[in-house]
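Taken straight from TrEMBL:
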type: DOMAIN; residues: 49-456; note: domain 'Major facilitator superfamily (MFS) profile'
type: TRANSMEM; residues: 117-138; note: transmembrane segment
type: TRANSMEM; residues: 186-209; note: transmembrane segment
type: TRANSMEM; residues: 221-242; note: transmembrane segment
type: TRANSMEM; residues: 271-291; note: transmembrane segment
type: TRANSMEM; residues: 311-330; note: transmembrane segment
type: TRANSMEM; residues: 337-357; note: transmembrane segment
type: TRANSMEM; residues: 363-381; note: transmembrane segment
type: TRANSMEM; residues: 432-452; note: transmembrane segment
Amino acid sequence: MSGEQSVDRASDDKLDDEKVVIPVDEHAAQLQADSQARDPRDKSSSFFTIVASGAGLISDGYQNSLMTMTNVVLALIYPTSYTSAVSTRVSNALLVGEIIGQIFFGIMTDRIGRKTAIVTTTLFIALGSLIGTAAHGANGSVDGLFWCLTFARGITGVGVGGEYPAGSVSASEAANERVLKHRGPVFIMVTNFVLSFGGPLAVSIFLIVLSAAGENHLSTVWRVCFGIGILLPLTVLVFRLYMVNSRLYRAGAIKRRVPYGLVLRKYWKRLIGTCGAWFLYDFVTFPNGIFSGTIISSVVPNKDIRSTAEWQLLLGTIALPGVFVGAFLCDRLGRKYTMMLGFSGYLVFGLIIGCAYDRITQIVPLFVVFYGLMNSFGNLGPGDMLGLISSESYATAVRGTCYGISAALGKTGAAVGTQAFTPIQNNLGKKWTFIIAAICGVSGILVTYFFVPKLTGEDLAKEDAEFAQFLAEHGWEGEVGEDDGEHLIRAISSEKQISA
């Protein structure tokens with residue numbers, strides 16, 4: 001029975017046994033309006049949710065970029081002990097933690113609610129940053145210091161990873177309630193823009209601390225930078241405590257007996273698209289971000305740390321305009337084709353830098369500009385679109401889970417790319433890190449074309465209605481909505497029961 005959905009209407013005391021058949025579009029409207037007037041905090045909460053998600057993701061961007069200059073500093077302080085293997089281990093600890101956090105909190109975001117998940121991730125980031133700031137080895141052991149940093153970055157990563165599904169899903173649903181017609185650009189500005197801004201912010205703070213402490217106190221410099229990472233998530237905690245779960249979540253949550261088999265059956269193609277594209281994007285972006293300071297240091301005369309940081313700041317700044325261009329194009333060109341355009345930038349600039357590496361690195365400003373433009377296209381396309389597409393492609397009941405899985409596959413790509421970065425440089429040459437980026441650009445275009453849906457920014461409630469109908473048609477029975485006596489509906493077990 002195409003285009004129809006059956007629900008039970010709840011009375012004040014009990015569920016009515018009468019089955020009512022309504023069209024999907026009408027069901028979408030019903031889901032959107034459900035409980036709209038029941039909580040007076042809804043309107044203000046959607047605003048606070050958008051702000052809290054965006055402000056919180058600044059700390060994520062900061063943490064993702066924190067090791068960029070810290071790697072350079074630790075290599076100067078411990079030139080023989082801080083080997084490439086140790087540097088990779090400490091850097092990868094954040095990524096491993098992120099993968100765990102994205103999967104765990106992705107599921108928890110759907111099962112226990114957006115607010116509880118996002119508050120918990122905030123505390124994880126603060127705890128990990130605190131441990132990193134105070135990191136020491138037993139009896140002054142340098143190796144112990146590095147292992148403590150590895151542990152601290154892992155804890156931080158769990159929180160940062162959890163922010164992706166918890167914060168982004170919350171922002172998407174809040175924007176759907178407050179600014180539906182501009183949900184795409186608003187979502188991008190409170191997610192990828194602040195994540196990208198975290199890079200220049202981290203380098204700017206590093207330069208300020210370096211100027212204040214001096215180059216003779218580098219241990220103080222990196223510890224202060226870690227300590228500032230404690231303050232950033234705590235500043236938004238009060239906003240997050242004010243949040244309430246979105247109306248879409250209260251109406252469409254499935255907290256028990258989640259039909260994951262049917263979820264996979266409905267969304268397998270979209271999952272291949274979001275997971276595959278995110279893997280390729282992070283495979284290029286994260287190692288180039290983490291080791292960009294090392295890359296620039298290798299082409300800067302005398303490897304001066306201040307000059308390296310200044311060029312690193314310029315690199316991060318050049319990458320930011322791509323975020324705004326992507327936000328502008330997402331509704332006009334469409335999510336899918338904007339992402340393909342961004343991947344094409346990896347192809348073009350990756351080949352330019354890779355093929356002319358020996359000559360272009362002799363002119364540091366030119367190298368940094370081309371490097372920055374490659375990153376800017378990454379922001380324009382997959383950087384902006386992957387979170388947006390992942391938040392729009394799946395129903396509310398499993399949005400956090402599917403978003404978390406997609407982001408986790410992305411961070412798997414980041415971990416693989418980070419682990420492979422040094423061997424690629426050592427065995428194939430530094431230019432091949434950019435040529436491989438170009439290859440990933442071609443692969444990203446193909447994955448996006450064949451597996452990513454062409455979305456138009458419709459109300460998220462429509463996907464919820466189609467998902468509920470899909471479950472009913474395949475015989476699933478269960479409660480949909482938060483079990484608070486107000487938002488409870490029951491899916492019908494089969495089309496035969498609906499027709500009856």
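Cβ atoms are placed via backbone N, Cα and C, with glycine included.
TrEMBL does not curate its annotations; it predicts them automatically.
Across 186-209, 221-242, 271-291, 363-381, 432-452, the stretch most heavily in contact with the transmembrane segment (117-138), judged by Cβ pairs under 8 Å, is 221-242. Here the transmembrane segment (221-242) lies next to the transmembrane segment (186-209) in space: the count of CB pairs under 8 Å, restricted to residues six or more apart, reaches at least 3. Packing against the transmembrane segment (311-330) from elsewhere in the chain are residues 65, 68-69, 184-185, 188-189, 192-193, 196-197, 199-200, 203-204, 207, 292-293, 296, 300, 338, 341-342, 364, 368-369, 371-373, 375-381, 383-385, 388, 457: each is 6 or more residues past its ends and has a CB under 8 Å from a CB in it.
With a threshold of 8 Å between CB atoms, the same-chain residues lying at least 6 positions outside the transmembrane segment (186-209) that come near it are 50-51, 53-55, 57-66, 68-69, 167-168, 171-172, 175, 179, 220-221, 224-225, 228, 289, 306, 309-310, 312-313, 316-317, 319-320, 323-324, 326-327, 330, 379, 383-384, 387-388, 391. Against the transmembrane segment (337-357), the recorded stretches 271-291, 363-381, 432-452 differ in Cβ pairs under 8 Å, and the greatest number is found for 432-452.
Within the model, the domain 'Major facilitator superfamily (MFS) profile' (49-456) carries an average pLDDT of 88.
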